[in-house]
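Here is what TrEMBL says about this protein:
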- 1-27: signal peptide (SIGNAL)
- 7-141: domain 'Ig-like' (DOMAIN)
- 182-204: transmembrane segment (TRANSMEM)
- 212-239: region 'Disordered' (REGION)
- 216-239: compositional bias 'Basic and acidic residues' (COMPBIAS)
Amino acid sequence: SRRCSFPNVSTTLLLLSMLAAVPSGLGMEVMAPISISALNGTSVKLSCTFNSCYKVENKQFSLNWTYQECKNCSEELFLQFRTKIMNKQLDRFGNRVEFTGNPTKNDVSFTLNNVQLEDQGTYNCYVLNPPDRQRGHASISLKVLTEGRCRAAPAPCRLGQAPPALTRCPLSPEPPKRDSTVAVIVGASVGGFLAVVILVLMVVKCVRRKKQQRLNTDDQKTEEEGKTDGEGNPDEGTK
């Protein structure tokens, strides 16, 4: 007679737990630069793209762009996609926000025209593409610059108060660059000149010393000859 074999109970439970842990939809990945700098009065593009395993359907796809003045400030919705793009036109931005992305190409970027100092802050990009369950999120920190690029003294961020932006200041001229080659040539010339002067002084001193030695020698010879002459003729004095 044949025996029927059944799978191990522990193995069955392990397989069931692994199947339960696999989600029905994969998570979405949203990508954006961490920080962007823009010059006051110009236009800047805030890029945001996403990856999804599912095709974008306008009826299910959703997008939210929000603005945040500071870390503890509330978020303000200014751009939304529900079947079509909808610009909330906040008083802060007016009609300066222009949607330049294409959701079917996984691009939900927008352009901010005529950037103002008050536009500095954090911009949040939220994307949901069902059947993905989780909503993707990315944030961009916008820094507004002026011509001088001088930063004001930091101040605490309060609710309803914009963070300190960069203030205008005059550009200071850069100090002229020093040419090290000229300094080396001048130093070498001065050093060579001093070496020549020292050498001349040493030669003059040696010549003078030799002359003095010769004079001393001649004087000694003259004295010795005088003494010899006085001792060699003693009779001349008695006559």
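Each residue, glycine too, has its Cβ placed from N, Cα and C.
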Item to check | the domain 'Ig-like' (7-141): DSSP-derived helix, strand, coil residue counts | outcome: 19 helix, 54 strand, 62 coil
Checklist entry - Taking the domain 'Ig-like' (7-141) alone, what is its mean pLDDT? => result 87
